[in-house]
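Trainee: Starting off with a structure, shown below.
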Amino acid sequence: MHLRNLALRLLKGFCPPALREAIEGDLLQRYEKDVMAFGEREASRRLLWNVLRFFRPGILLRNKIQTPNHNLMLRTNAKVIARQWGRSKAFSFVNLTGLTLGVTVCLLVTQFVLFENSFEDFNRRADRTYRVNLYNTENGVFDEITPHTVAGLGYALKQTAPGVESVARIGFKTRGVVTHKARQVEDREEIVFADPSIVDVLDLEVTTGRKADGMRDASTLLISESAAMKYFGRPDVTGETLEVGFNNNSLQPKTYAIGGVFKDIPVNAHQHFQFLLPPENEQAWNGDWDWSEVNTYVVLSSSVQPSDLDLALSRIVKEHHHDNTGDRYLLEPVREIRLHALDGSGRGAVVNFFILLASAILLLAWFNYINLSTARFFERMKAVGIRKLMGATRRQLVFQFLMESFFFNVLSFGFAVILFFMAWPLVTDVLQEPIPVTLFNEPWAVGFIPGFILITSLCAGFYPALALSSFKPLSSLQGKINGYTDRAVLRKVLVTVQLAVSMILITAVVAIRQQIGFMQGQHLGIAIDQTLIVEEPLVTDGTTVQKFETFKHEMLMLPSVLGVTYASTFAGTEIDWHRMDITLGQENATPRFHSRIVAVGTEFLDVFQLPLLEGRNFDAAAESDRKAMLISEAACRMFGFSTNAAALGKLIFVGSRQFEVIGVLKDYHYRSLQSGIEPLLYMKGYPRNPRYAIKVAPENISKTLITIESKWKQAYAGNVFKYYFLDEFFNRQYNADQKLGTLVSALSLLAAFISCTGLFGLTLYSVNRKEKEIGIRKVFGASVSDVVIFLTRDLLRLIAVGGALGVPLIYYGVNAWLEGYAYKMPLGILMFAGPVMIIAALALITTGALTVAAARRSPVDAMKCE
């Protein structure tokens, strides 16, 4: 008897109360049969054994009787969800649309971020490869960080730096003429001079030929597969020859043997070229500490850290930078060039901005789902109460509502994938980059997609699931919700955040467009309108200057041509000549200065209407003016002259070449207004790669172009007439900002649309809920306008609160963004009030039709709503 009582107490200790009565009854029945068959003692032992057999998780963890048919439960939940969607088609459509758009934006931005972070992934030694940057100072004061270094640096690093596995130098792109005479194929190409080691440093894949032989001497070159197909019609062209020439009297066309063909450089590389030539004079490169014309790359041994080179780099500065001892060299990982370049050209801020933007839009979609789900509490609470009375647990209800959220997100993800593939070509067109779609090919995508759907399902559905499942059955059936009112604080908070985010995004669009308009509307200080820039002809026979003079004479005979000149570069293009060894008074004097240099024709000032503040212009007939120089106002300040006149007659040394200052030009913007005005030096002379500028009259431009083209073909037979207008070319510098503005505009419209659809759904629900109250108000004499104000006053309050939250953020964000511009637009009141008014107008337009229709409805019909 003692053993029997012990067994029953043990059962009572671990068995859930809901199951104990039934189990205990069955065990005692079995016990009675065992007493008759085996006796009381054996029966008690058997009872204890049977009790212990129930000591298992299936019993211990069950506090309620459960039906193990999960398939039936899933089918039932699916039916409930389908019926719910069918009864609330408008709400379901709004939820699905918002989530689909939010997920689409996330997929688009994820692909964009993947591409931006994939740069140099193809390079197997990218983690050990660095680009050398110069931290440049002027007389001890920081000037700039630039990747443009002198050619001698690479040689010095190779000779003295410890742990350097390989070094490579690559020069700026130089325009040349490439000819395959047998096939009569000739074209302008961008030629790059580089060390043979660049093949290994940048990990170029040589498909034909050997890496070691590709640039074995000064008469061999490497070309890309695309170039091979263009000039030969086949990829395997090792051993074939091409003729390469430049528009310079000192460089005659030269025949190169093709030492190898490399695979086209991937789009996610920071360097792109198709023709690789060895240095014309490697010894001259090794000893050059004057011209900053190359990028220098180093590959470190696996055991070496960049800091290990600090001593060697400091020694190089002391030996070769003379008085500029504040200069120093910095190693920049090639993987970081795209996003976090030391010279400030990285796109990291843009990438982070789009990540923030996509997150904001996805949050808006989630807020829509939460708002509309919680707004329908009254509609669904009776169903929840009945299910609870029928024995449903809170866990089951939470599962049902999370399952509903999961179904919504699965559907939205499916539609989002379709929209993604439809929208991606448009995105690449705007970015003007051939970005491949790799998102769904990544190995981690197998886990990312289900994980993303699960996370979005939980984020959007967790709160509504908890809230809807918390109702007490009796309160639910009576239409009472525990402490909940229709003016839920959470819903108002979420709507306010939606409105504030939409205002911020609209401000971003307005700010970008206004800043671009401000910069384009400023006077540049140089007349670039009605100026035709003609690419140099394919002349490599040493008669370039003579033919240009003939062409210029023919042009000036035309009444529609107002002027003709040439220059190494014009406004809107990068100036390649950048000297770091400019001195005053005598060679090797101190201090040393850095400046960009432009080679120009004598008509340059007249064609571009540049004011000469002091001195005189170059004289075309004076051969001595080849040793003369014009300087800008900024250069005058750089050299420390007290006045512009004080600069006249002073000697300037560029390396070992001596120039006399004969004039001072007024500053002008040769680059976009995002940058400040930099010092410029002008020398007289025909540059290596000239461009021709033709100032034309504004009348009958099309006819003038036809005439100029005919004269061009007479002077340069067989050459294609390639031209562009300088003002249009200059404004291309704002393309990056315009692309950003276009994408932000599209995303802002999506954000506004999502917010407006949410407001539409909430207004629709509010009108339905207050239909009887509206009827009562109309019976008591309320007019249509009174009812409209009654229905929209809460919305206007939320807009006001959203504006109060958004305006400070807008002010801070716009000012922070404008810090990246040297010339900033003035901030007016409309910059801050405008977005608030736009959102208010959109919100009122979205909800206006519903509120007016509700206000004009017959009170009798409204009173019958229940």
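Each position is counted from 1, following the chain as shown.
Just so you know, glycine gets a Cβ as well, placed from its N, Cα and C.
The domain 'MacB-like periplasmic core' annotation in TrEMBL covers 92-308, 500-669. According to TrEMBL, the transmembrane segment annotation covers 93-115, 349-372, 397-424, 444-468, 489-512, 743-767, 795-814, 826-854. The domain 'ABC3 transporter permease C-terminal' annotation in TrEMBL covers 356-472, 746-857.
Please go over these features one by one and say how buried each is and what sits next to it.
Mentor: When Cβ-Cβ distances below 8 Å are used as the criterion, the transmembrane segment (93-115) is approached by residues 268, 351, 354-355, 357-358, 361-366, 368-369, 372-373, 408-409, 411-413, 415-417, 419-420, 423-424, 427, 435-439, 442, 452, 456, 460, 747, 750, 753-754, 757-758, 760-761 of the same chain, each at least six residues removed from its ends.
Long-range contacts of the transmembrane segment (444-468) within the same chain: residues 99, 103, 106, 362, 365-366, 369-370, 373-374, 377, 380-381, 384, 397-398, 400-402, 404-406, 408-410, 413, 484, 490, each at least 6 residues beyond the stretch ends and with a Cβ under 8 Å from a Cβ of the stretch.
Sequence-distant contacts of the transmembrane segment (489-512), counting only residues of its own chain at least 6 positions beyond either end whose CB sits under 8 Å from a CB of the stretch, comprise 357, 360, 363-364, 367-368, 370-371, 374-375, 463, 737, 740-741, 744-745, 747-748, 751-752, 754-755, 758-759, 762, 794, 798-799, 801-803, 805-807, 809-810, 813-814, 817-818, 831-832, 834-836, 838-839, 843.
Outside the transmembrane segment (795-814), and at least 6 residues removed from its termini, the chain residues within Cβ reach (under 8 Å) are 492, 495-501, 503-504, 507-508, 511, 759, 763, 827, 831-832, 835-836, 839-840, 843-844, 847.
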Trainee: Are there residues at least six beyond either end of the transmembrane segment (743-767) with Cβ under 8 Å to its Cβ atoms? List them, or say none.
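Mentor: Cβ under 8 Å, 6 or more out: 90-91, 94-95, 97-98, 101-102, 105, 354, 357-358, 360-361, 364-365, 367-368, 371-372, 375-376, 427, 430-431, 486, 491, 495, 498-499, 501-502, 505-506, 508-509, 512, 774, 791, 795, 839, 842-843, 846-847, 850-851, 854.
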Trainee: Please report, as numbers and ranges, the same-chain residues at least 6 past the borders of the transmembrane segment (826-854) whose CB is under 8 Å from any CB of it.
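Mentor: Counting only partners 6 or more residues beyond its ends, the transmembrane segment (826-854) has Cβ contacts under 8 Å with 499, 502-504, 506-507, 510-511, 514, 752, 755-757, 759-760, 763-764, 767, 770-771, 774, 784, 787-788, 791-792, 795-796, 799, 802-803, 806-807, 810-811, 814-815.
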Trainee: With DSSP, how much of the domain 'ABC3 transporter permease C-terminal' (746-857) is helix, how much strand and how much coil, in residues?
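Mentor: Each residue of the domain 'ABC3 transporter permease C-terminal' (746-857) counted once, the result is 94 helix, 0 strand, 18 coil.
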